[in-house]
Amino acid sequence: MKLEARDIRLHLGRSEILHGVDLTARAGQLTAIIGPNGSGKTTLLRALTGEITPTAGHAMLNGRDVAAMRPEELALTRAVLPQQSMLSFPFTVAEIIRIGLTATHAGQGSESNGLIRAALSRVGLPEHAGRLYQELSGGEQQRVQLARTLVQIWHPVGRDGPRWLLLDEPVSSLDIAQQLTVMRLAAEYAGQGGGVVAIMHDLNLTAMFADHVLLMQEGRAVAEGPPAEVLTDHILSGAYGCSLQVNHTPPNGVWLLPQGAAL
Amino acid sequence: MVALDAPRERLAGDRRHLGRALAVWLLGLLAVLALLSLGHGASGVSAPRVLLDWLAGHEIAQTDRVVLFDIRLPRLLTGILVGAGLAVSGAIMQGLFRNPLADPGLLGVSAGASLGAISAIVLGGLLPPAMLAAAGWHLVPLAAFAGSWLAMVTLYGIATRQGRTSVATMLLAGIALAAMIAAVSGLIIYRADDQQLRDLTFWGLGSLAGASWVKLLAAGPVIAAALLVSPFLAWGLNGLALGEASAAHVGIRVQRVKTTAILTTAAATGASVAVSGGIGFVGIVVPHLLRLLAGPDHRWLLVNSALLGASVLLVADMISRTVIAPAELPIGIITAMIGGPFFLWVLLSNRRMLDG
Amino acid sequence: MIGRVICAAALALSSALSAQADPHPDAQRVLAIGGSVTEIIYALGQQDRLIARDTTSSYPSEAQELPDVGYMRALSSEGVLSVKPDLILSEEGAGPPETIAVLKEAGVPFETIPSGTDAEGLAAKIEAVAEALGVPEAAASPVKALRADLDHLAEATGDEGQPKRVMFILSLQGGRVMASGQGTEADAIIRLAGAENAVQGVEGYKPLTDEAITSAAPEIVLMMKRGPEDSGHAAATEALMAIPAMAATPAAESGAVIRMDGLYLLGFGPRTGQAALELHDAIYGGA
């Protein structure tokens, strides 16, 4: 089972933002979408979630056209972590996570309490259920949102196929330990048979966790494949517009890689 | 599979029990206020005594019957429906616009209603006599209701493109529309004689003094239908608190929620304003207070807004009927007099909530 | 539903049209709505039967001690019933209509007194109140007094030649002059007093532009007294004359500002003959 973009073209106003992008993300894998700012990563993800309908081409989820699926069906098959969330009212953490249970109709029952607790533990916030969301730090808020997406598709594989986690920069405001927690969680979800598609800025974490990488530049996919094939000096330098070298240790100074972390 | 342990234990941050307890408490409060409201009035007719007399098989005096059944009962029911309708409309609008200060005024409903009322009061005399006779003294409420719907439909049309309603466009277009309506109203008011001007002033202050069975039968079902629909918006409005995109991602049909929210609010507000004139602050203060007490979860917020809104209006109406008896103070003055300072106090002690 | 609405409306209309008052000689608890009705009841010597009044009934001052049921166009049905009237006498225009319908339903006789602004209309008004109270003979004396005042007025007017131009100013808010055009009580009393309304071609009370004030060129300004006589009036006159358009009028040059009590001047009750006479004398400087 796959999440696919087939020749997706997309116009916003008069200008074309995506010029025919293809992507094949497989269940059981963590697929990373990388590329410089403004390359169309988030727009592609929005097309994959069904939030915007492409001008041409299709987004296919487990073999079905996303545009033809009802919001409830989509919600039971994939969950989306937005880049940033604004909240308008003083909800508690538990209440926010419960919103993720809208489509499963499990939000009322008492078994949902256990689910919410378990999700909070997985994102490393076991004691935060009673806190007000607006009083949390940016990193904590992001992990609460992740917990909300997790309860929506708690089991990585459902009766009618794999579930999908679509993450837009899931580690952007996290410290390094939290980044590792979240990336391990995503990798674990893929390991249990679910699908994960994540927009990534950090190329080290991408190299460390991704099974499959799509590199975008100016609304096109310029490379797709395993990290070792995409993350090369030549391809990255061309895409990001500066000279980059992989696996090159600086001659002096301090440097740190997430690969070296032990938890 | 993670063990879903201890399902009976209460989850921290789960405030549904507060909402539920509050609902029970508010229902009791409303019942007590309804009885008080039925039993008290300027005329000193005692409801329990009349009831006992009636049970004992005595004839009820005509004045007692009129006071209880033609004055206090329709007024009580109108007060409950109008209070509930205004508070629930406020809560829905705040959820839809994601702003605790939103109110149905943003839909142009209030402006449209007042234009309708102003036109009826000032220009009603220009209608053909047959039409005037048919509408009779229901001309003002009918025109107010029509005006509120016309304004709402216009705004909704402006803000909806390709099946999607832009809440931001609606907000801005609402300001423009309200300004245009105010200009037209001003033009009509210029024509008014001084008696019509006084009528306009009193209409704007709001009152339940004109409550009657005929009005209740016309407006009641509209408000009641809106109240019955409102609980179905709860999950949708909770989802919208995360933004429209996230709401859609968790499986909410966002456009359907928006359309339902707008229609419900326009119906409840339009009908309320039509029967009672302008009654301010209930729609903002009541939901705000309830969010402080039991959180913003709409599953209880909407129900409790209805109950507390009805109670607040009954209290305000009792004050309005008795404070300068046998004359009556317009109820809008009382809700604004209590609501204004209270609202200011809530704002000052909870700035963080608005900034968040 | 619609049927019911039409029915109720038709009922309300038909009952409003039957203005001919029935006599109620036994009524001992009378509620008066409208300043002129209250005044007439006192003029008829029937004040002992009066138990309540509306906000506009401020004369005579004893009337102000009676319970006030509110503004005549925003009455509350239970408030009215609470004073337990057995007869309601009202000027035209009491409301809201729902309240009037409920009062009739409650079985309280509700008599509407037709309004009038000329000699015949005023006499008919007094007679209608007397009729409704079941004391038609009591009308003779106040009607006679009224007619005497009006005859006196008729003698006084007519020998002035060119009538003077009077502008009635209702209010002066922020330098904006709200003056009376045609179809108002102010217009009627000015004409009754043998003068001419300086503001022509305007219906009702309207704010006037500077040019309209200049072209109206009033020789006299007429205003209502506000509260007790004090220095406030002098200040108000000064403010009025400070308006440039106003300062250019004949009224400003001669400083001719007349102030009279609002109800006395505009109430159109038994004192109207006197009021018109007093206004006439103030305008023409007569005896």
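Glycine residues also receive a Cβ, built from the backbone N, Cα and C atoms like all the rest.
Bear in mind that TrEMBL entries carry predicted annotations, made automatically and left uncurated.
Here TrEMBL flags B:76-93 (among others) as transmembrane segment. Long-range Cβ contacts of the transmembrane segment (B:76-93) within its own chain (Cβ-Cβ under 8 Å, at least 6 residues beyond either end) map to 30, 34, 37-38, 102-104, 106-107, 208, 211, 215-216, 219-220, 223-224, 226-227, 230, 233, 237, 261, 264-265, 268-269, 271-272, 275-276, 279, 282-284, 286-287, 290, 298, 301-302, 305-314, 317.
The transmembrane segment annotation in TrEMBL covers B:105-127 (among others).
Residues or ranges marked as transmembrane segment in TrEMBL: B:139-159 (among others).
Marked as transmembrane segment by TrEMBL: B:171-192 (among others).
Long-range Cβ contacts of the transmembrane segment (B:212-240) within its own chain (Cβ-Cβ under 8 Å, at least 6 residues beyond either end) map to 70, 74, 77-78, 81-82, 84-85, 88-89, 92, 95-96, 98, 138, 141, 145, 246-247, 250, 252-254, 256-257, 260-261, 264-265, 267-268, 270-272, 274-275, 297-299, 301-303, 306. Among the features that TrEMBL reports, transmembrane segment is placed at B:212-240 (among others).
Taken from TrEMBL, the feature transmembrane segment applies to B:261-286 (among others).
For B:298-316 (among others), the entry in TrEMBL reads transmembrane segment. Beyond the transmembrane segment (B:298-316), the same-chain residues lying 6 or more positions past its ends with a Cβ under 8 Å from any Cβ of the stretch are 16, 18-20, 22-23, 26-27, 29-30, 33-34, 36-37, 76, 79-88, 90-92, 95, 208, 227, 230-231, 233-235, 237-238, 279, 282-283, 285-287, 289-291, 331, 334-335, 338.
Same-chain neighbours of the transmembrane segment (B:328-348): 202, 204-209, 276-282, 284-285, 288-289, 292, 312-313, 316-317, 319-321, 354, counting only residues six or more beyond its ends whose CB sits under 8 Å from a CB of the stretch. Among the features that TrEMBL reports, transmembrane segment is placed at B:328-348 (among others).
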Long-range neighbours of the transmembrane segment (B:171-192), counting only residues six or more past its ends (CB under 8 A):
97, 105-108, 111-112, 114-115, 118-119, 121-123, 151, 154-155, 158-159, 200
Six or more residues out from either end of the transmembrane segment (B:139-159), which same-chain residues have a Cβ under 8 Å from its Cβ atoms?
107-117, 119-121, 124, 127, 132, 165-167, 169-170, 173-174, 177, 181, 203, 215, 218-219, 262, 266, 269-271, 273-275
